[in-house]
Amino acid sequence: MNFKSIIIILIACILQGCKEEAKSETHSVEEAKSSVTQSVYAITSEGEEVHKYTLINIKGMQMEVITMGGAIISLTAPDKEGKYEDIVLGYTTPDLYLNGNPSYFGAIIGRYGNRVAKGKFTLEGVDYQLPVNDGVNHLHGGKGFDQRIWKAEIIAEDEPSLKLSYTSVNGEEGYPGNLNVSVIYTLTNNNALEITYEADTDKTTIINLTQHSYFNLSGNFKTILDHSLEIKADKFLPVDSTLIPTGELRTVTGRTPFDFTVAKNIGKDIDADNDQLVKGKGYDHCWIFNDTIKHMKKVAGLHHKESGRYMTVYTDQPAIQFYSGNFLDGTLESKKEGKYEKRSGLCLETQHYPDSPNQKKFPSVVLRAGEVYKTKTIYEFSIK
């Protein structure tokens, strides 16, 4: 065998080895298992079991959901080094989830997410009074869906998916109609959390469902001021001193603190001398998307440069409430270390406009018998 033949054989062996290694790597990914498992999380003072469901996709991303409020109590995502860390705030023990969830950590919000002025609205000539639980206003449905135990059903494991169902009876928290609600959480195999909401009623009512997870992409829950945020919206809703929209759609452009049309650090303008920031103690406002047509579109992007984590938000909703965690005050224990200080987490709540039932110029939030309410939001995680 001459030298040339030996070289050819060696090259062939190297190439074959690379192919085998590639096959092995591909095989290991294919063999990774996705799953949904159930366990008892806690028992209420009335003796009802609250279950926990753990969803894991083929890449190892994990989410934990409890049936109390349909709350997401943990959600992991990889950083640029491939390290998975929890990126949503939550309580360290079950007690606060079971006793009011005062910060709405991770919960499904309804019947009406956000505020209704003075808890009053008129529908088909009938005046309704909802409980007032936020100063003089009604917030997040009163004793809302965040404080109800939902029925859970595993509907897929290959791409982990959990369906939560709840029936809000006629008159619950002052709302008309029996409302059947379902929310499906899917943890996709490309590291996205898909949330599908669906509801129907037997009597004309109002509805505005959303999800109240607090995100911090750093993985340490210290601050969100070093996160950069983009929102595809040229307008937002200014509010009065009780955080009810004034009815104006105000432009964000012109170097205002509310201009996130180009990504910028949240901490850049949050303490600017601006009457709206004073009223909200930071950002607690609703941005109106440039594209309000009901179809899926990218509406926001959140980035933590140090970890590399990037979250893209897609929805078919017309607006998003950006809340910068202004009322976190250092009293709640962190899942990491220390306490949740002011602005240690943020919410990006896709929704309809606040106080829509009382503002004729805002899009309708009315649902009638025979109609189906359906909407979808996706939080997709990647590296940038």
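First residue shown is number 1, and so on along the chain.
Including glycine, each Cβ sits where the backbone N, Cα and C put it.
Annotated features in TrEMBL:
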BINDING   N114, R115, H212, S213, Y214, D284  beta-D-galactose binding site
ACT_SITE  H212  active site, proton donor
ACT_SITE  E349  active site, proton acceptor
- line: Expressed in Å to no decimal places, the gap between the Cα atoms of H212 (beta-D-galactose binding site) and the residue listed as 'active site, proton acceptor' is 6
Query: Expressed to the nearest Å, what is the distance separating R115 (beta-D-galactose binding site) and E349 (active site, proton acceptor) at their Cα atoms?
result: 13
Message: At a 10 Å cut-off from the C-beta of D284 (beta-D-galactose binding site), count the other C-beta atoms across all protein chains.
response: 20
Field: Other CB atoms, at most 10 A from the CB of the residue listed as 'active site, proton acceptor'
entry: 23
Query: How big is the Cα-to-Cα gap, in Å, between the residue listed as 'active site, proton acceptor' and Y214 (beta-D-galactose binding site)?
result: 10
Chain-internal residues, separated by at least six, CB under 8 A from S213 (beta-D-galactose binding site): I72, L75, V88, L89, F105, G106, C347
- line: Here the 10 Å Cβ neighbour count for N114 (beta-D-galactose binding site) comes out at 28
- prompt: For Y214 (beta-D-galactose binding site), which residues in the same chain are close in space, meaning a Cβ under 8 Å from its Cβ, but six or more apart along the sequence?
  reply: V88, L89, S103, F105, G106, G325, G345, L346, C347
- request: Indicate whether Y214 (beta-D-galactose binding site) is helix, strand or coil by DSSP.
  value: coil
Query: What count of other C-beta atoms do you get within 10 angstroms of the C-beta of R115 (beta-D-galactose binding site), across all chains shown?
result: 23
